[in-house]
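Annotated in TrEMBL:
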- D:10-73: domain 'MrpA C-terminal/MbhD' (DOMAIN)
- D:185-300: domain 'Na+/H+ antiporter MnhB subunit-related protein' (DOMAIN)
- D:55-74: transmembrane segment (TRANSMEM)
- D:89-110: transmembrane segment (TRANSMEM)
- D:147-164: transmembrane segment (TRANSMEM)
- D:185-205: transmembrane segment (TRANSMEM)
- D:217-235: transmembrane segment (TRANSMEM)
- D:242-264: transmembrane segment (TRANSMEM)
- D:276-301: transmembrane segment (TRANSMEM)
Amino acid sequence: MTEILLGAALLVLATVAAGLVRVLRGPGVADRVMAAQLLGTGGIAVLLLLDAATGIAGLADAALTLALLAAFATVALVRGAPDDGGEPPA
Amino acid sequence: MSATIFGLLGAALVGIGLFGLLVRRDALLRILAFNLLGGGVFLVFGAVARRGAGAGLPADPVPQAIILTGIVVAFAATTLAVALVLRLAAAKDRG
Amino acid sequence: MTLLVDVFTVLTVAAGIVFFVAGTAGLIRFPDTSSRLHALTKADHLGLGLVVLGLLPRAESLGGVLRLVAIWGLVLASSAAAGPMLARLARRGARGG
Amino acid sequence: MIADLLIVAAIVALALPVVLARSAFTAVALFVAYGLLLAFAWVRLDAVDVALTEAAIGAGLSGVLLLGAARRLAGGPPVEDAPPGKAQVALIGVGCAGLAVALGAVILALPDPAPSLAEPVMANIAAIEVGNPVTAVLMGFRGLDTLLEAAVLVLAVVALWALAPDAAWGAAPGWRQPPATDGPLALLARVLPPIGVVVAVHILWVGADAPGGKFQAAAILAAMWLLPWMAGIAAPPPISRAWLRIVIAAGPVAFILAGFAGSVLQGAFLAYPPGYAKAVIIAVEVVLTASIAVALALLVLGPPAEDRGA
């Protein structure tokens, strides 16, 4: 069972990593924020699966922290996004 | 094995961060690059901690505790740097 | 009993992974921001919900069960709030370069 | 092993564009994603305590700070420094790559078996009476470091406030956020903080025996305090408030008092009386958590500014 759960964690991690393509490609601000959100949700799933597989102390609490902070980061990204539609100076 | 892989990642991040710090002109991007550099140093330290596993622990807790304080201090330094950049920009605006 | 639990976990977690893969595929392949947002917000949270559901019977204590449910609830609440904000952002056509 | 390589590849794939990004916002968005991924690297390095801190500070608080700065700097005057020439960039690139390779070689050549303090920590952990070795190091064996670090946070707040223009001194810190009086953000900003406070208390409490502790709890508390401000539904308190300053200073002061109590009772600074070590540590940690949380939030908010509109 442990191996199955670890494999599942690896699979979710792989899909999250694939989702990063969208952070890198954009093109819009919303796409980048979305991909960051995927990183949060997928990351929580990875941590929970690892917790069930290995029982390392604190992983479930790390997932809980991530759930709170991913929401916080998303709000920050949306609130901080440049809203004039124009290219901010590099 | 994990320790070596992430230690090497730390080395790479130090290189990437230093490059950004020296090449970019935008102050905010320099602060970001500096944070990448710092993250690399922490990872190298974390690799050392992981290699020090023993006495029933998966890693040496002393470097880990120092990394914890390091992250908080690095954050404090970042806030100060950002505040300086913003103050400088405001001063330029006025003058 | 443990066999039953194991089978349940494997089935729900596998279903969850299907949704994660679907969400990521949508995020990468869909042509415009709105449909990508649609793919991500639905599929991912269903995926996480199924993973949480599959792990529930394995939780060691009532606290563990509560924590799992709380995590899913937090993610749902925050993405429910973030979704409309993201949609508005996408409609403004903001570009980050 | 595969997981490690996947994480490494993803982190490098994010770190490079952070350095090369054209716009500051893109760089910060990538940096937030990088911070989240770094938390996984820490889990793989068996440093769950660090992973918690990285997720809370590296991704959460840094994200808010840097995005706010990027937004306020957008449209400002362009950078005046001359851009480095192609040859110069190439030279710097070669130099940095050389440094990375040299550092990598050092890591491959680390001594085996590795020197470790894990044995002495576990041999003496009974005296500290806590189950989490990282907490034992932070509050016990290297307690002085943690005390100095708490003092650094106070000094950072003082330095930050020193940047306030004369006219703005004593006013509320940070810039004004456009208010979100209704809609999803306003709801989230009202619902999330109470839940977050419960989670923070939980993280602080389990920190004695499992990963968690004051830094992680304080970072969560700071984030929850900042959320209503980000939604524009609550203003931060003016920095002239006495209670604000008392809370910031209370943590280090409580730590120092506990240290001197050790000098008197046990004959050494920061020596904990046997049988009461855990009680003293938790009492100090509770006060420190409040101090660090307020200090972190104030550091994100920045100094009070004259121009409150931007």
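Cβ coordinates are placed from backbone N, Cα and C, and glycine is handled just like the others.
The model shown is predicted, which means the values in this text are computed figures rather than measured ones.
Most Cβ pairs under 8 A with the transmembrane segment (D:55-74) among the ranges D:147-164, D:217-235, D:242-264, D:276-301 are made by D:217-235. When Cβ-Cβ distances under 8 Å to the transmembrane segment (D:217-235) are tallied for each of D:147-164, D:242-264, D:276-301, the top count falls to D:276-301. For the transmembrane segment (D:147-164), same-chain residues at least 6 beyond its ends with a Cβ under 8 Å from one of its own Cβ atoms are 171, 173, 239, 248-249, 251-252, 255-256, 259, 270, 288, 291-292, 295-296, 298-299, 302-305. In the predicted structure, the domain 'Na+/H+ antiporter MnhB subunit-related protein' (D:185-300) carries a mean pLDDT of 88.
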